[in-house]
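Asker: Mind looking over this structure? Questions follow.
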Amino acid sequence: MFDIYRKVPKDLTQPTYTGAFISVCCCVFMLFLFLSELTGFIATEIVNELYVDDPDKDSGGKIDVSLNISLPNLHCDLVGLDIQDEMGRHEVGHIDNSMKVPLNNGHGCRFEAEFSINKVPGNFHVSTHSATAQPQSPDMTHIIHKLAFGEKLQVQHVQGAFNALGGANRLQSNALASHDYILKIVPTVYEDLGGKQRFSYQYTVANKEYVAYSHTGRIIPAIWFRYDLSPITVKYTERRQPFYRFITTICAIIGGTFTVAGIIDSCIFTASEAWKKIQIGKMS
């Protein structure tokens, strides 16, 4: 008496070609929807959100910087990196974790450096300020291969400005001009399915070019990177559809498809039987 799935004897059912066609279409349609849902269940979704906070509180108030720049018309002995910020840091000729590679038979230089900056507004610049003797006409035309902050992130489906200045070419600029790159650094967090977080930084950039004179009237160009930090943090989180939602969707697909197909088959069968009765009435 509690069986809600009562069985109908086969001799009380009537198979039809229309019903067979609808059944095949129903199975194909359900298979298509099942595979679509299975693909969505297996795939990882990346959700992004914005909030105000410092995500990497264990960094000690520091941000790692990676710089790779080529100056094809400036000797390596003249190239140096200076760092200063609003906390009072003023370092001229930073040499730790840096490398100079001669270019153009020693007439140019490729400068690579990894260093850290404080999480306060400041700047770092490539110049000849640390050179023993200042050249008469330093040529600051350059190509920036890489400027990145924080941990390197290479994640599919995350298109961010982690190396916004990569490929910047200023070889056609005025040789004696200074270059100002104004950077707005945006903290970025990536959290995978296991809950592990990686911290990096994106940045936007604006630039200007000008000729600067010293107090003695000499032109001493430099390549300035002036930065400030955004209070907004961007967070990317990997998510996967819960298993219970996948099962619920599959049940809805099967039940809904069978119900709709049954209604369509019933309507067609009823209309067909009515048409047959009409035809028999006309013949009689």
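Each residue, glycine too, has its Cβ placed from N, Cα and C.
Reproduced below are the annotations present in TrEMBL:
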- 2-91: domain 'Endoplasmic reticulum vesicle transporter N-terminal' (DOMAIN)
- 102-265: domain 'Endoplasmic reticulum vesicle transporter C-terminal' (DOMAIN)
- 16-35: transmembrane segment (TRANSMEM)
- 243-264: transmembrane segment (TRANSMEM)
Asker: Could you please provide the mean pLDDT value for the domain 'Endoplasmic reticulum vesicle transporter C-terminal' (102-265)?
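Answerer: Taking every residue of the domain 'Endoplasmic reticulum vesicle transporter C-terminal' (102-265) together, the mean pLDDT is 89.
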Asker: How does the domain 'Endoplasmic reticulum vesicle transporter N-terminal' (2-91) divide up by DSSP, counting helix, then strand, then coil residues?
Answerer: 35 helix, 26 strand, 29 coil
